Amino acid sequence: FLVSACFIFLLPRALAGDRPPTGGGLPASIGGGLSEVGRRPWLGVWIVHSALTNVIVVSPILVLGPYVADLHLGGAPAWSAIGIAYAAGGVAGGVIAARWRAGRPMVAAMMVFLLTAPLPALLAVPAAVWALVLAGAAAGLQLVVYNVLQTTAIQRHVPEGFVARVTSVAVLGSLVGAPLGMGFAGPVAEAFGTRPVLIACAVVAVVSTAAALAAPSVWRLRTEEAPTASPPPESAAASRSTSS
């Protein structure tokens, strides 16, 4: 994190003309980010999909996976192997994402997300460790590719001066429910059983992704499109006064 912070500090400062209006403090910044998200329906689809899957898919895996490993797979070594495979899959995903120029980035991201489903499904069985290792690698790969496709889509299709605000709103919306998912995973599994909860995770991963893919805005977003600029409020006001 320290090295990352140093690189960010060394980035060139934006020119004044590239910055969005800064008046109004935090509420105005949040409002500006929400406004930009509202103008791009595909961003709303992404945020809802990410929020839902972080609560109902990812959080229960993180809570119940170690429990299943301890109960059925021999304990910490099995979960460690799955975690190592997850990290290795992430590295492979980074290599793929660096070379892949998806024509429809949102469609590609959603299709890749389906690689998450095998891990909770196999934990529900539970399957052999080697199968879970492969599923863990697939889940790690999808995480990196999914995030890279989403992030680059924002950078490419949102005006430069609003990228930080839109990214902040998107990340907040995606992750805000994750602690609740982790908090409820244990009690829900105790009430209904670990296996049904993990099966539900896999089903939600598939169904939510299919629902996202049904949104026309997801298919309309193409890599070649240029971002639609959002003029600062004072510019818009000046334009209206001139025309009147």
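Cβ coordinates come from backbone N, Cα and C, glycine included.
Per TrEMBL, the features are as follows:
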{"type": "COMPBIAS", "residues": "235-244", "note": "compositional bias 'Low complexity'"}
{"type": "DOMAIN", "residues": "128-244", "note": "domain 'Major facilitator superfamily (MFS) profile'"}
{"type": "REGION", "residues": "223-244", "note": "region 'Disordered'"}
{"type": "TRANSMEM", "residues": "78-98", "note": "transmembrane segment"}
{"type": "TRANSMEM", "residues": "105-123", "note": "transmembrane segment"}
{"type": "TRANSMEM", "residues": "129-149", "note": "transmembrane segment"}
{"type": "TRANSMEM", "residues": "161-185", "note": "transmembrane segment"}
{"type": "TRANSMEM", "residues": "197-215", "note": "transmembrane segment"}
What does DSSP give as the helix, strand and coil breakdown of the domain 'Major facilitator superfamily (MFS) profile' (128-244)?
96 helix, 0 strand, 21 coil
Counting only residues 6 or more past its boundaries, what in the same chain has a CB within less than 8 Å of a CB in the transmembrane segment (78-98)?
65-66, 69-70, 129, 132-145, 148-149
Could you please provide the mean pLDDT value for the domain 'Major facilitator superfamily (MFS) profile' (128-244)?
83
